[in-house]
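What TrEMBL records for this protein:
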COMPBIAS  1-35  compositional bias 'Polar residues'
REGION    1-41  region 'Disordered'
DOMAIN    100-229  domain 'TFIID subunit TAF5 NTD2'
REGION    276-326  region 'Disordered'
COMPBIAS  279-289  compositional bias 'Acidic residues'
COMPBIAS  301-311  compositional bias 'Basic and acidic residues'
REPEAT    360-393  repeat 'WD'
REPEAT    433-474  repeat 'WD'
REPEAT    475-516  repeat 'WD'
REPEAT    517-558  repeat 'WD'
REPEAT    559-600  repeat 'WD'
REPEAT    601-633  repeat 'WD'
Amino acid sequence: MEFDMNQISQTSNSNAKIEASESQNSKVSSENSAVQPVETENVDSNTLAAVLQFLQKHNLKGTADILKKEARLKEDQLRDAQALQVDSEATNLLSSYKSEGDPNAYEKAYLSYRRFVESSLDVYKHELSLVLYPLFVHMYLEMIYNQHESEAAKFMERFSTDQEDYYQDDLKKVSFITKKEHMKGSDLMENFKSSQFTVRMSRDTYSVLKRFLQDKNQSIVMNVIQEHLYVDMYEGVPRNKAQVESTAGAMEGEANRQVNKTKIYYGLLKEPDIQLPVVEEEEDGEPGEGGEKPKKKKPKKDPLLNKKAKSDPNAPPASRLPLPDLRDIDKLEKVRALREASKRVALGPDNLPSICFYTMLNCAETVTCVEFCEDSSLLAVGFSDSILKVWSLVPQKLRAMKPAEQLADIDKEAEDVLVRMMDDKTGETMKVLHGHCGPVYAASFSHDRTLLLSSSEDATIRLWSLQTWTCLVVYKGHIYPVWDVRFSPHGYYFSSVGHDRTARLWATDHHQPLRIFAGHYSDVDVVQFHPNSNYVATGSSDRSVRLWDCVTGNCVRLMTGHKGTVSALCFSTDGRFLASGGADQKVLLWDLAHGHLLADLPGHTMTISSLAFSRDGTVFATSSLDGSIQLWDFFRMTDESSLEDVNISGHNPDLLKRSNAIESLRLARYPTKATPVMSLHFTRRNLLLAAGMFEG
């Protein structure tokens, strides 16, 4: 494989659930001594085991203990019954799918609700229509469960096209469930049965729906809504079509606003004060011999390097997440980064970044991932044949460490001991790493460029040393392919996501994960660390974005709006905003303070592959497999958003107010001839690096 580097210069309030009868926790009075034990001859042990399993699942331990006592069920009988529970018909007793004698009643009920939506006032219609998809799916599954297979097939064929385009892939999977036996062991079925589809609507819309459900002929619709929907009700004016569509599309429905009320620390950690070496400059003094003036030296003031770090009021406490102490080499690297930042180009509408594009040749079908390191000196590329290659993007070659016998002769107290440890004879512009036994799907450099992580289809994560160029650790925990892996900005921690629907938090010195983040309903495809390392964001094939707390392991933000797999994530430099891109060709911008959607950026025609913010946070870059790069005025985008109004509103802001202005926020668009863009990265001086493989 060869490199062809072309530089392109810029040319230019309450939550409600509809209940027929609200479930209440039974209170057992100590004064009621007349309660008779349950007649166990009338209720078999399998049924009791099913009830006890339900109580234990919902942490109703007291009620379960009372039931055991009153039923006089022995422990051995209970164990035998629970062992048979999986295959027993007792599981059907707790099923939420009720039996209707006439299978045609489902079609009539669905048509009745659809006509009700169509005849409703426009102000209510859009929110009421959100119920159609879950209603259709659960009616179909209820018909299958009650063994009305032929009627269910006709029902699917007739009404599946009524549903939105972004639900069609899910419906195709649902349509494969054609018999009751297919429902057992189906992951998709488990999703529908174990979770409630969230529908957000105003109190007025809720009242309209409630009046419709009071009709005696709507028992089927009532049952589906009671058992399988969660109505997230808010005070205020019903949303318009654009607002409803902006957050619809996820597998679990819309985001529950209750989840997004958790306080998060999105601010940046205070940078440690580092004593920087003072650069002195000469100044003329008194005349000396030969008439020349001796030169005195005075300190050169550098406002950027010598200014004190300010505390961010939204930053997490320094002790909240244990972070590794800064080593001397880390402090020197921070000094170097600050000096680079002092030469940074200020970007804006009148000063766009230059783009340096790395084109990979003769590998169009084999490249699986591309990653730049933080200081832009290294490039890692993963391939489908299980190898990982690392290139040096600077004149300095990649060197390996000297053999052990030569290291013994080195003065360990020397200031340049690290330089002396490296063997100049091994210098190369590219190194190859072998170890995985499947395609390499992701790579991530540590902040000090001494370590490299990679994940693969072989369900493992490997940690490589960039000094010895060998594999140090193989992390095993995922049981399916690992789609992405990412180092923490502060090192030590890293996160991975995979086909097993989980994200995991690891530490480099632990073989087992520290946290397992479970909650997505499909593959977790992409992960990104927050700049303060206290949170990780994940994007999934369930078309949702979640933010997880690394300390508690809880999901603290749920954001819906994508209509396809989420393929790219990126935090803003100040940590306040999160950008996400997906297979639906959409780029969405989120305000993490309250989980609101701020903008929907159009323009790409294929899957979004990479997102990047400039180092000063003024320009936002997006790339796609359509072979184009777009630049956006992020400073004006957030400046024009009335964030205070957004934060106090009951739901997401009206994106239509800024839809006409979105086009003016696009600063430039750069197409390639035949090179899908796979990765974007801003250097410390705000040069935009991009990489992709030539397909011509």
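Every residue, even glycine, has its Cβ placed from backbone N, Cα and C.
Caution: TrEMBL annotation is automatic and unverified by curators.
For the repeat 'WD' (433-474), the list of distant contacts is 329-330, 333, 368-369, 371-375, 377-378, 380-390, 398, 400-401, 421-422, 480-487, 489-491, 494, 496, 498, 506, 508, 511: same-chain residues at least six beyond its ends, Cβ to Cβ under 8 Å. Residues in the repeat 'WD' (475-516) partition by DSSP class (helix H, G, I; strand E, B; coil) as 0 helix, 22 strand, 20 coil.
Mapped onto DSSP helix, strand and coil, the repeat 'WD' (433-474) counts 0 helix, 24 strand, 18 coil. Residues of the repeat 'WD' (559-600) grouped by DSSP class, helix first, strand second and coil last, total 0 helix, 24 strand, 18 coil.
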